[in-house]
Amino acid sequence: MTHPPDTIVKSILSHISNPCDIQKLSLQDKLTLAEELRSIIIKTVSNNGGHLAPSLGVIELTLALLATFNPAEDKLLWDVGHQTYAWKLLTGRAHNFSTLRKLNGLSGFPKITESQYDHFGAGHAATSISAALGMAMARDLQGLKHHVIAIIGDGSLTAGMAFEGLNQAGAMGRRLIVVLNDNEMSISKNVGALSLFLSRNMERGWVRRVRHEIKDWLKSIPSIGDEVAEYASRTHRSLKTVFTPGILFEAFRFNYIGPVNGHDIESIEKHLAMAASIDDQPVLLHVLTKKGKGYEPAEKNPASYHGLGAFDIQTGIPKSNSQNSPPTYTEVFGKTLCELAEKDKRIVTITAAMASGTGTSLFKAKFPTHFTDVGICEQHAVTFAAGLASQGYKPFVAIYSTFAQRAYDQIIHDVCIQKLPVTFCLDRAGIVGEDGATHHGAFDISFLRCIPNISILAPRDEAELQSAIYTALSFNSPLAIRYPKGNGVGVTLPNESTPLPFEGELLKEGHDAIIIAIGSMVMPAYSAAQQLQEEKNLSIAVFDSRWISPLPQHQLIELANTFNNILLIEENALAGGFSSAVVELFADNQCLHGQRIQRIGIPNYFIDHGSQKELKQCLLLTVDGIKKMLLQMLQPE
């Protein structure tokens, strides 16, 4: 285990005023600095939460990169970017690293507006190679000579976009370095043929030695030695795939180097220099790292320490989440799906490298033949599900709202046009908190409700989520169920659920105004209405639309013709979202007759990082925010 922060005898980091200062350090100083970085990262993440295991695994690689390249000139692009904590500490942000992932603090990902050394923003996987190739082409067009380096993990390399980038880079032959950070993990354990390919015969030094010894021995044979050795070399090219993972990348016309010990700074620097010296084709340097390196709990269970909240350093146990808290929406989803699968063997579950995050690990354990983790391949996941649905199965695609964006064409082309009964379970819909703009589930209502043939359902609590899963089983067409990150509201879960009706529900009667809300905003709206009745004697009605597409039209039209003050609330982008759909319905049915209509939702700009509570307060997506808006609406003109 790494030393606690207060036991670091000598601070090297405090003397790093410029990233290039690392090039002046001795090897021993770099090793000391690596320990210092580990201690700071562990301490900070234990307080703030964050992506611990990925960042601990690349500290030596980060130091070697900065010892070899000049980030003021060379372009270094980190794929996904959740492993860049050491990078941030070494590129001028050590003084405010304690603000990591906090409101108005440092982002947990590369961000071009945060530092000149963050050359390309990230958050989603597999973008680095394509972006780096674009930068390499721009460099060549301008006649410049700097290096462009993409650092990508083996998890990201399961994504099709990474191979599209490799394919184009090889065809173009641009001078480009790709560093493959191979820790045999993405978030969940890596899957697919590529993972098996990379993990085969990693320690290949003996292979090289044996090959050279055999070749030397063959050459020593009198008369025919050279001829036999040449034949053996040709045969070796055919057999190379047995021993060499690099053959895959060489097929893409990359010069393959490695694998290299990713925690041996000296060795990494040597091989990075070798890669930098090759100027006639792209290069891939294969680096082997250990996720969670230096913190024993993270080394033993890297998936649990991939991304986590605040925790106790000594035990590794999370600090929050009281045992008395309601179950999370994710947990309710996973448990309910397993209950249904016990009764209906048509149910299959698909996730994209997020089994633990989407709550499907339990399903995987109980029904392994009906579970598929496709890796970071959202496009494939959706069309794979469509194929299953076409053969009579009931596929549930468990995916974060933000990652569903990556499969938009497949949702339309392969599922909705054919009206196949695929259920999209959109976890983390709405504001997710500290991961920021790349991870908020802000757009799913907007990009889904314009598609024909798909229904969209947003349960208001964990009991309704349970019912929504039951509803999906009775559906014979596409369905999306969206639900937020975090704990439920604390309602009792029934032992047996029934499908939800195709209508909304009036939860509270009133006459001064009505709140029409959806999903996660229904219960805050109800609380706000109750409080205003007690505090201000205001009579506020509350309607849970429940369905976004199709809307409960007759109910909404009746409400529009009844109330003069209407507040529409959603945890989604206002542009094209639920409230837009309701106002369109009112306009199309001549229901607009001078009412005051206000909307609360996510405005038309990208929401930065901060806690869910803080961000929702800023956006009025809270009980107090709703009360404030209602009081403004009800003021006399």
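Glycine too: its Cβ is placed from the backbone N, Cα and C atoms.
Residues annotated as thiamine diphosphate binding site in Swiss-Prot: HIS82, GLY123, HIS124, ALA125, GLY155, SER156, ASN183, TYR295, GLU378. The DSSP secondary structure for HIS82 (thiamine diphosphate binding site) is coil.
Summarising the annotation, Swiss-Prot assigns Mg(2+) binding site to ASP154, ASN183. Within the same chain, the residues at least 6 positions away from ASN183 (thiamine diphosphate binding site) whose Cβ sits under 8 Å from its Cβ are GLY57, GLY153, ASP154, GLY262, LEU288, THR289, LYS290, LYS291, PRO302, listed in sequence order. According to its DSSP assignment, ASN183 (thiamine diphosphate binding site) is coil.
When the neighbouring Cβ atoms lying within 10 Å are counted for each of the binding-site residues (ASP154, GLU378), the highest count belongs to GLU378. Put simply, the two farthest-apart Cα atoms among HIS82, GLY123, HIS124, ALA125, GLY155, SER156, ASN183, TYR295, GLU378, the recorded binders of thiamine diphosphate, are 32 Å from each other.
ASP154 (Mg(2+) binding site) falls within neither a helix nor a strand when secondary structure is assigned with DSSP, and so counts as coil. Minimal Cβ crowding within 10 Å, among the binding-site residues HIS82, HIS124, is found at HIS124.
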